[in-house]
Amino acid sequence: MKSRTGALPSRKQIALIAHDNKKQELSDWVCTHKKELEQHDLFATGTTGYKLAAETGLKVEKYISGPLGGDQQIGAKISTGEIDVLIFFWDPFEPMPHDPDVKALLRIAAVWNIPVACNPASADFVITSPLIKQSYERQIPDYEAYIAERTKKL
């Protein structure tokens, strides 16, 4: 697939997601990095979003719960350029009924070349990177070229 350059803005749109056994860990991480996160727009799936807003006082736009489609809502926002960073504390020891949704979400994040953190250490690296406060040019799929090529064959 052809690619093109796409910019991540200096003020990032950050999605925050956590499986049930990781919600407190994510909340603790958000509290630790509240000052940095205040500089960005925050989004979260259902229960995680309510917990983070209540425990941190941060403004968090909430989607529906992950198992009910929230992971897919976040994925759709990634594919339309409305989410720039994904911080997803998932539980590697607990099988989830919506594992296919999780796999799809991580795939979309990889396709659209956005930073992904899956634990406190990787999230620390992302949030403390100088790039988090800067515009950043990355390679993304050239959807227009893709459609032009596909429709040529019709």
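Cβ from N, Cα, C; glycine included.
According to Swiss-Prot:
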DOMAIN    6-154  domain 'MGS-like'
BINDING   HIS19, LYS23, THR45, GLY46, THR47, THR48, SER65, GLY66, HIS98  substrate binding site
ACT_SITE  ASP71  active site, proton donor/acceptor
Around the Cβ of SER65 (substrate binding site), the count of other Cβ atoms that are within 10 Å: 16
Average model confidence [pLDDT] within the domain 'MGS-like' (6-154): 95
Pairwise Cα distance for SER65 (substrate binding site)/ASP71 (active site, proton donor/acceptor) [Å, integer]: 8
Structural state of HIS19 (substrate binding site), classified by DSSP into three states: coil
Rounded distance in angstrom between the Cα atoms of HIS98 (substrate binding site) and ASP71 (active site, proton donor/acceptor): 9
Among the substrate-binding set HIS19, LYS23, THR45, GLY46, THR47, THR48, SER65, GLY66, HIS98, as the record gives it, the longest Cα-Cα distance in Å: 17
CB contacts for HIS98 (substrate binding site) [other CB atoms within 10 A, all chains]: 18
DSSP-assigned states of the domain 'MGS-like' (6-154) in counts, ordered helix, strand, coil: 77 helix, 29 strand, 43 coil
Rounded to the nearest Å - Cα separation of HIS19 (substrate binding site) and the residue listed as 'active site, proton donor/acceptor': 11
Position of peak Cβ density within 10 Å, selected from the binding-site residues THR45, THR47: THR45
Whole-number Å value for how far ASP71 (active site, proton donor/acceptor) lies from THR47 (substrate binding site) (Cα to Cα): 12
Remaining residues near the recorded substrate site, that is with C-beta within 8 Å of the centroid of the site residues HIS19, LYS23, THR45, GLY46, THR47, THR48, SER65, GLY66, HIS98: ILE17, ALA18, ASP20, PRO67, GLY70, ASP71
Packing count at HIS19 (substrate binding site) (other Cβ atoms within 10 Å of its Cβ): 21
For ASP71 (active site, proton donor/acceptor), the number of other Cβ atoms found within 10 Å of its own Cβ: 27
